Amino acid sequence: MRVLYFKHSFFRSLLKSNGLPQTLLVFLLIPCYLTVDFRAPPLIPDVPFLWAWNAPTESCFTRFNQPLDLGLFSLVGSPRKSATGQPVTIFYSDRLGLYPYIDDSQLIFNGGLPQLVSLKSHLEVAKTDILHYMPIDNVGLAVIDWEEWRPTWARNWKPKDIYRNKSIELVQQQNILLNFTEAVKWAKEEFEEAARHFMEETLRLGKSLRPNHLWGFYLFPDCYNNKFQVADYKGECPDIEKHRNDALFWIWEESTALYPSIYLKSSLKSSPQAALYVRNRVQEAIRVSKVKDPRNPLPIFVYFRIVFTDLTYQYLYEDDLVNTIGETIALGTSGMVMWGTLSLSQTMKSCLDLHDYLKTILNPYIINVTLAAKMCSQTLCQNQGVCSRKDWNSNDYLHLNPQNFQIHFVKHGKYEIRGNPTLENLLYFSQKFRCSCFAHLNCQERADIESVSTVSVCTLEDICINSLVISDKSELPKDWNRPYFVNSNQSDITSSATVSPCVPRKDVSGYLVVLSLYSQHLKYSL
C-alpha cells in the first residue's frame, strides 16, 4: 500500500404541501444567487469534467504486457491510422477527404491550395473516410487536425507564406493585367473564401453523418500569445488575434466543440509564465465559445500533453500540472484531451515509466482536481453547473485542502480518500469561485454555504468523498492521516519525507511511501 500525501506547500502545494411539490418547496427555501454565466452541458451525464486519452499507448499491453491505469479517463482512443471506431477520432490531413497542401519539400497534394481542390470530390472522399473511421455513431469527439495552412490570410506567416505566394501567383497567371497590390487583394479574397467553404462544408458533412460526435478543429481557437521572451510577459492574447478570431465566426457557428491546445515547451517548466500562457488561451476559447449563443456556449475540450513538446521523454510534474490542468479546470471548461506520440510506448522502459507516472503523479492529481471541482459544483451549483473563477486572471485553484485530505494508494492498484471537508473549504469555493450554469438549466448559485452538511462526490472509479462537513479540521480523528500497511512485513517512510516525483519502479508496489510534492507558487490557500 502507498499513501500519496499532497502537502499544503503543493496544493498551497495539494488538493406535497400547499399544492406544491416538496422538492420545489425545498429548493425555494435554499438561499440562492441568480447566475448569469453559462457553460455547455456535459457530454456524458454526471461527468461535468471529461477526461479523454488520445495517445497510441495500446502497445504497452499488446507488445509488452504492461497495462496502464486509464480508468479515470471516460474516453480512451488511439490516433493510429489503423484505429477505427474510437471514442476520440482525430482526422489528420491524410485521413479526411482531399486536403490540399504543400509539404516541406514543396510537393503539391490535391492542388496545394483550397482554391484549386474540387470541393465536390473532397466531400465524396471525406464521406467514405468518416464512415470508415466512425462505423457507429456513438457519443464521442471528432477532431479535425489540419495545420498546413490557416484560413486567415494574415496568419499564414513563414513558413506558411508559401500559400499566400502561390495564391498571388495564381491570380497573376489568370489576370495578367493586375498590378501586384490588386493581385494580393484578389488572392486574399479567393484564398479565404475557398478555405472557408472547404472547412465549413467538411464540418457540415461530419455533423450530418455522425451527429452524436462533437465536431471541431484542433487548435481552434488560437491566440498566438507565445512571445515569452518579452519583458513582463503577461500571457495576453493580442487584440489583433482576438479580432481575427471574431472574423472566424463561421467556424464557431458550424463547430459543435472547440479544441484549443496548451502544450508546453521545456522553457516554461515550473515557470509562472506557463500559467499565464495557458490561462489566456483557455479564456479566449471561453470567449469564442459564446459567439454563437452566450446562453448556450460550445463545449471546450483542451488538448494537453504530459511531456514537453521539445523534450518528449521529460514528464510534466508538480507546478507544470497545476499550470496546465489546474488552470483549465479552474476556468470551467468541459474537459481535457491528453494527446501523445509513439514515444510514450516505444519500449518496455517507456511503458514502465508511463505506468509509474500515471500511478504516482498524474492520476492522483486528476483525482484531486476532479473531486475538488465536483465538491465545489455540488456546493455552489447543486450539480447544475461548474465552478469557474470569479476573477479569471487570478491564482485561485480547485484543489483539495491538504490539511484535511489525503489520497492513499492501497491494495490492487486502488486509491482512496481520507479526511473530511471543512466549512472553511466550502467558504473558499464561495469566495473565489462562481457557479457557471449548464445551458438550458434554471441554475442558481447557493448562498447559504454554512448550511451544507454533507458532501458526496466521486470520480469514475468510485473514488469518493462521502462525508459530513466538519466545522474545523480539529474535529478529524486523531489518526485520520496515519500511514498503514498492506502487511506487517512492510515498513514506511515517514510522512515528512520528500521523494522525487520520479519514483523507482521497485517502490511502486510494496510498502507505504508518502509523496510530498512541492511547488513554489501553489495555489490553494485558506
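Numbering starts at 1 and runs along the chain as displayed.
Yeah, the Cβs are placed from backbone N, Cα and C, and that goes for glycine too.
What Swiss-Prot lists as active site, proton donor is Glu147, and the listing cites similarity to another entry. Sequence-distant contacts (6 or more apart, same chain, Cβ under 8 Å) of Glu147 (active site, proton donor) comprise Ser93, Tyr218, Leu219.
Per Swiss-Prot, the feature disulfide bond maps to Cys60-Cys351 (among others); the stated evidence is similarity to another entry. Within its own chain, Cys60 (disulfide bond) has Gln66, Pro67, Leu68, Ser345, Cys351, Leu354, His355 as residues 6 or more apart in sequence whose C-beta sits under 8 angstroms from its own.
What Swiss-Prot lists as disulfide bond is Cys223-Cys237 (among others), and the listing cites similarity to another entry. Annotation note: Cys237 (disulfide bond) sits in a coil segment as assigned by DSSP.
Among the features that Swiss-Prot reports, disulfide bond is placed at Cys376-Cys387 (among others), with the record citing similarity to another entry. When Cβ atoms from all protein chains are considered, those within 10 Å of Cys376 (disulfide bond) total 26, not counting its own. DSSP assigns Cys376 (disulfide bond) to a helix.
The secondary structure of Cys381 (disulfide bond), as reduced to three states from DSSP, is helical. If you look up Swiss-Prot, you'll see Cys381-Cys435 (among others) marked as disulfide bond.
The feature disulfide bond is assigned by Swiss-Prot to Cys437-Cys443 (among others), with similarity to another entry given as support. Cβ-based neighbour count (10 Å, all protein chains) for Cys437 (disulfide bond) stands at 23.
According to Swiss-Prot, the feature N-linked glycosylation site maps to Asn165 (among others), an assignment based on sequence analysis. Of all Cβ atoms in the shown protein chains, 11 besides its own fall within 10 Å of the Cβ of Asn165 (N-linked glycosylation site). Secondary structure at Asn165 (N-linked glycosylation site), taken from DSSP and collapsed to helix, strand or coil, is helix.
Taken from Swiss-Prot, the feature N-linked glycosylation site covers Asn179 (among others). Applying an 8 A CB threshold to same-chain residues 6 or more apart, the list for Asn179 (N-linked glycosylation site) is empty.
Residues annotated as signal peptide in Swiss-Prot: 1-35.
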Cys435 (disulfide bond): nearby recorded positions from Asn165, Cys223, Cys237, Cα cut-off 10 Å: none
Please work out the number of neighbouring Cβ atoms within 10 Å of the Cβ of Cys381 (disulfide bond), leaving out its own Cβ. 25
When neighbour density is defined as the number of other C-beta atoms within 10 angstroms of a residue's C-beta, which of the disulfide-bonded residues Cys237, Cys435 has the lowest density? Cys237
Should one count Cβ atoms within 10 Å of each candidate's Cβ, the disulfide-bonded residues Cys387, Cys443 would be headed by Cys387
Quick one: Cα separation, Cys443 (disulfide bond) versus Asn165 (N-linked glycosylation site), in Å? 52
Of Cys223, Cys237, Cys376, Cys387, which disulfide-bonded residues are close to Cys437 (disulfide bond), meaning a Cα within 10 Å of its Cα? Cys387
Other C-beta atoms that fall within 10 angstroms of the C-beta of Cys351 (disulfide bond): 22
Cβ distance under 8 Å to Cys223 (disulfide bond), same chain, sequence separation 6 or more: which residues? Cys237, Pro238, Glu241, Lys242, Asn245, Asn280, Arg281, Glu284
